[in-house]
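J.: Supplied in structure tokens, the structure appears directly below.
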Ligand SMILES: NC(=O)c1ccc[n+]([C@@H]2O[C@H](COP(=O)([O-])OP(=O)(O)OC[C@H]3O[C@@H](n4cnc5c(N)ncnc54)[C@H](O)[C@@H]3O)[C@@H](O)[C@H]2O)c1
Ligand SMILES: CC(C)[C@H](C(=O)O)[C@@H](O)C(=O)O
Ligand SMILES: [Mg+2]
């Protein structure tokens, strides 16, 4: 039996998590395995109850679990707290740092047949899009010290430190090349080596690692060019290897190329294979509480959890196929529809129900 710590968090987090749990129950039933999920408070919701975005009981629950399924944290109510107490820094970065979840994978796929979902022009999106962003997640300017503020008046300064060690770059670069070998054999490494010392080291180390993978096509791009190329010709990419900050930004672009922030899942893994799984998007305060959020990123994150942490690849595939069928058949939340068609949008729970029904009725190998 597998134990999952479920941390739904804030805003749309709890709404989309209900659907992911329904889908997990559907595949567990279909494929005859047992999953025990246990809910824990996290983020702003935990601040309101426990006075802390990452309470001890939540951390202990995560430590005892086989994997963490995470929703999203943060929102205007907690945005003015001291930085170290904010939900994003304390809970999300706290968990990533504590478990050393250095490898963040964000697979963004747009089937040519679904090109109308993309926010790119149809002649560009119709070529399809299939990119795996491999984002280093525990280094860079996110975790570098010192960071803070000092001084007063016009002389007050805010400062962050950007660091990368050779060890950190090497381990993520190897994973990117290995991932490319299982895909389309191309790695694009993203940096800002024309300005940043960290990026100069990044470029040098990635080049050294690339030599060990002679069959993988390899290139460097500066991050500004990478952002431009993604919207100019997204189909040219396979694996995009990114430092923490650039990967954060480029993965949001990838999400929109596939249609919505609400579609992009992620897996964050450490070197022991322990993982936390979460949508790439956030708590979406602008739509929270209305039952209209897209649950697919959360559901696909649960599928990644089944694949990478629970060794249930068939169940993961069944979820991915059911999601594909929802998109194919126009079972779409409002974020995937043009303004004039939003009155036909499905609700969060209608999309979740459709995906569960597809799983229940599918004739699936291994089930
Ligand atoms: N993993 C996380 O917990 C995480 C990730 C990103 C942002 N955040 C936090 O979330 C809060 C809001 O941040 P933001 O507004 O910059 O980014 P966001 O990703 O929450 O929202 C950006 C836009 O995308 C839309 N969107 C996102 N997810 C969606 C979904 N599932 N369905 C439909 N639309 C969706 C939102 O409605 C909004 O218009 C902030 O506090 C931020 O720090 C948390
Ligand atoms: C909320 C924030 C700290 C987080 C990040 O920047 O990593 C988010 O944007 C993400 O993409 O997971
Ligand atoms: Mg982000």
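The backbone N, Cα and C atoms fix where each Cβ goes, glycine too.
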J.: The substrate site in TrEMBL includes 96, 106, 224. Which of 121, 135, 203 is also listed there?
T.: 135
J.: Sort residue 292 (NAD(+) binding site) into helix, strand or coil using the DSSP assignment.
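T.: It is coil.
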J.: For the binding-site residues 96, 106, which one has the sparsest Cβ surroundings, going by other Cβ atoms within 10 Å?
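T.: Minimum Cβ neighbour count within 10 Å, taken over the binding-site residues 96, 106, occurs at 96.
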J.: For the binding-site residues 284, 288, which Cβ has the most other Cβ atoms within 10 Å, all shown protein chains included?
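T.: Counting every other Cβ within 10 Å of each candidate, the maximum falls on 284.
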J.: Neighbour count first, Cβ atoms within 10 Å, every protein chain included; then name which of 135, 192 tops the list of recorded positions.
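T.: Buried the deepest by this measure is 135.
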J.: Note down the number of other Cβ atoms within 10 Å of the Cβ of residue 224 (substrate binding site), including every protein chain shown.
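T.: So the number of other Cβ atoms within 10 Å of residue 224 (substrate binding site) is 12.
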J.: For a Cβ distance below 6 Å to any atom of ligand 2, name the binding-site residues from 87, 135, 248, 252 that qualify, or say none.
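T.: Near ligand 2, sequence order: 248.
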